[in-house]
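Trainee: Dropping the structure in here first, questions after.
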Amino acid sequence: MSLTIPSPASGTSTSATTDTAPAAAPQRTYQVRTFGCQMNVHDSERMAGMLEDAGYVPASGENADVVVFNTCAVRENADNKLYGNLGMLAPVKAANPGMQIAVGGCLAQKDRETILKKAPWVDAVFGTHNVGALPALLDRARHNNEAQLEILESLDVFPSTLPTKRDSVYSGWVSISVGCNNTCTFCIVPALRGKEKDRRPGDILAEIQALVDDGAIEVTLLGQNVNSYGVEFGDRQAFSKLLRACGEIQGLERVRFTSPHPAAFTDDVIDAMAETPNVMPQLHMPLQSGSDKVLKDMKRSYRSTKFLGILDKVRERIPHAAISTDIIVGFPGETEEDFQATLDVVEKSRFATAFTFQYSKRPGTPAADLPDQLPKAVVQERFERLTALQDRIAAEENARQLGRRVEVMVTAQSGRKSEETHRLSGRSQDQRLVHFSVPEGAEKPRPGDLVTVTITEAAAFHLVADPASAADYSLRRSRAGDAWDRSQADSCGAPVAGGGAGSNGGKGGVSLGMPALPVRRS
């Protein structure tokens with residue numbers, strides 16, 4: 001679907017012809033604002049890559065010539081967040097003739113014309129299947145002085161073939177599939193991203209190799225349901241084979257993936273995780289509910305016994321695995337007995353982290369039409385009980401890490417109190433967030449380097465390592481750290497000593513894997 005809709009006129013100016021050649025027009029700047037999941041974060045990298053390929057440059061501050069919103073449609077507050085942001089930009093655009101606003105992603109795929117009706121100052125709306133159209137839509141909107149709406153109903157080109165500006169030089173997202181064949185009643189994503197489409201293994205491995213050649217030492221394999229990878233070309237063990245193939249890539253030190261589905265999580269994947277050294281001892285396994293009745297209503301096609309059995313198998317093969325999950329509270333028809341079943345499964349599962357959500361009614365999903373929608377007060381009370389339980393479990397599980405020696409990959413992001421504590425931050429192999437200090441006289445690591453430290457403090461959402469002396473601190477400078485040095489030198493226009501593989505400019509803006517804190521929704 002492609003529509004052209006009149007938009008507010010952008011100011012233009014003309015100047016008298018002179019004998020001197022006009023100065024070159026300054027490059028237009030851009031900013032991409034991302035809402036939602038890791039898939040959206042990676043899509044935003046593609047949007048940035050395409051804009052830079054078209055001659056745009058990143059905005060140095062808040063003011064940009066082009067602002068792109070990459071949206072989420074999973075929860076109601078995603079709508080509110082988008083339209084709130086668009087409302088705040090309306091006067092900014094009115095005061096800056098030539099500024100453009102574009103909206104893409106899942107909410108754009110869903111709302112389509114509604115976005116232009118609610119925010120007629122938007123210049124371009126595009127969906128999940130035509131991310132590559134963004135630069136052309138912006139150009140067309142400027143040329144025609146009309147808003148452009150283009151939504152495709154199926155994938156135009158697999159997005160990983162598009163230019164990409166990586167947010168991190170030491171870690172990278174790699175899509176192995178897009179879309180989903182499941183029919184969970186609460187989820188609108190399959191309707192917006194379509195049926196599952198798989199990349200060929202050779203294409204995936206080539207992209208990973210290119211990332212490693214540029215200095216990355218960590219990748220996260222992305223898909224709506226990664227362990228169903230291979231369904232398009234008829235190989236039920238394709239995902240486990242892909243994990244093992246990642247283990248053959250020299251220089252690739254950490255492999256993660258998100259997210260799998262319990263119904264199709266098979267023993268060959270667990271074996272590949274356990275037997276491939278660079279596949280990290282970390283698993284995100286969405287539970288959603290511990291009640292078999294609610295799981296049936298959700299059309300999740302597994303039950304609590306199967307879920308707990310998967311965790312048992314993983315921990316048997318990978319004893320130190322950290323397991324995280326997603327849980328929805330207040331699904332229509334959830335009784336107190338159903339909720340207690342969820343609490344029981346959470347207690348048994350001993351999750352390192354749980355991302356807990358209050359059910360949000362989404363038009364267009366089967367669950368939105370179910371009877372027995374729960375009162376807000378009931379959902380809130382259950383949510384608070386669940387988060388209190390999980391916070392206790394997380395603190396207990398982290399306390400078990402005290403005294404352990406862990407290898408931490410240093411990230412560009414620091415903790416909120418880093419200026420006070422002078423600690424740096426990073427992720428352990430099992431994806432726990434670790435804040436650590438560098439002993440006096442020891443060499444300071446760069447983002448992408450690896451340090452080995454002993455855990456000295458534990459809290460529910462992070463660990464602390466304060467080495468008593470330099471003898472309790474080990475630094476391994478990495479190719480990823482070299483890549484970070486080069487990227488910083490490139491951004492400053494300064495030379496840097498060589499080391500490691502070829503350069504891939506960028507900044508360390510995105511931490512891979514799951515967020516550090518559970519998502520709190522009120």
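Numbering starts at 1 and runs along the chain as it is shown here.
Glycine is treated like the rest: Cβ placed from N, Cα and C.
Annotation comment: Swiss-Prot describes Cys37, Cys72, Cys106 as [4Fe-4S] cluster 1 binding site, evidence class sequence analysis. Sequence annotations record features per position, and here Swiss-Prot assigns [4Fe-4S] cluster 2 binding site to Cys180, Cys184, Cys187. Residues or ranges marked as compositional bias 'Low complexity' by Swiss-Prot: 1-26. Positions annotated as compositional bias 'Gly residues' by Swiss-Prot: 496-511. Per Swiss-Prot, domain 'MTTase N-terminal' is recorded for 28-143, and the stated evidence type is sequence analysis. Look at Swiss-Prot and you will find 166-396 tagged as domain 'Radical SAM core'. Sequence annotations record features per position, and here Swiss-Prot assigns domain 'TRAM' to 399-469 based on sequence analysis. Summarising the annotation, Swiss-Prot assigns region 'Disordered' to 1-27, 481-522.
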Trainee: If I take the alpha carbons of Cys184 ([4Fe-4S] cluster 2 binding site) and Cys106 ([4Fe-4S] cluster 1 binding site), what is the distance between them in whole Å?
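Mentor: The separation of the Cα atoms works out to 17 Å.
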Trainee: Per DSSP, what is the residue tally for the domain 'TRAM' (399-469) in helix, strand and coil?
Mentor: 5 helix, 25 strand, 41 coil
Trainee: Quick check on the binding-site residues: of Cys37, Cys184, Cys187, whose CB has the lowest count of neighbouring CB atoms inside 10 Å?
Mentor: Cys37
Trainee: Fill in the CA-CA distance, Cys37 ([4Fe-4S] cluster 1 binding site) to Cys187 ([4Fe-4S] cluster 2 binding site), as an integer in Å.
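Mentor: Between the alpha carbons of Cys37 ([4Fe-4S] cluster 1 binding site) and Cys187 ([4Fe-4S] cluster 2 binding site) there are 13 Å.
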Trainee: Cβ-Cβ under 8 Å from Cys106 ([4Fe-4S] cluster 1 binding site), same chain, 6 or more residues apart: which ones?
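Mentor: Spatial neighbours, sequence-distant, of Cys106 ([4Fe-4S] cluster 1 binding site): Gly36, Asn40, Thr71, Cys72, Ala73, Val74, Thr128, Ile188, Val189, Leu192, Arg193.
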Trainee: Going along the chain, which residues six or more apart from Cys180 ([4Fe-4S] cluster 2 binding site) have their CB under 8 A from its CB?
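Mentor: Residues satisfying the criterion: Cys187, Val189, Pro190, Arg193, Lys195, Glu196, Gln224, Asn225.
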Trainee: Using DSSP, how many residues of the domain 'MTTase N-terminal' (28-143) fall into helix, strand and coil, respectively?
Mentor: 61 helix, 23 strand, 32 coil
Trainee: Other residues with Cβ within 8 Å of the Cβ centroid of Cys37, Cys72, Cys106 at the [4Fe-4S] cluster 1 site?
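Mentor: Neighbours found: Phe35, Gly36, Met39, Asn40, Thr71, Ala73, Val74, Ala78, Gly105, Leu107, Val189.
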Trainee: Over the domain 'Radical SAM core' (166-396), what is the model's average pLDDT?
Mentor: 95
Trainee: Measure from the Cβ of Cys72 ([4Fe-4S] cluster 1 binding site) and count the other Cβ atoms within 10 Å, all protein chains considered.
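Mentor: Here the count is 21.
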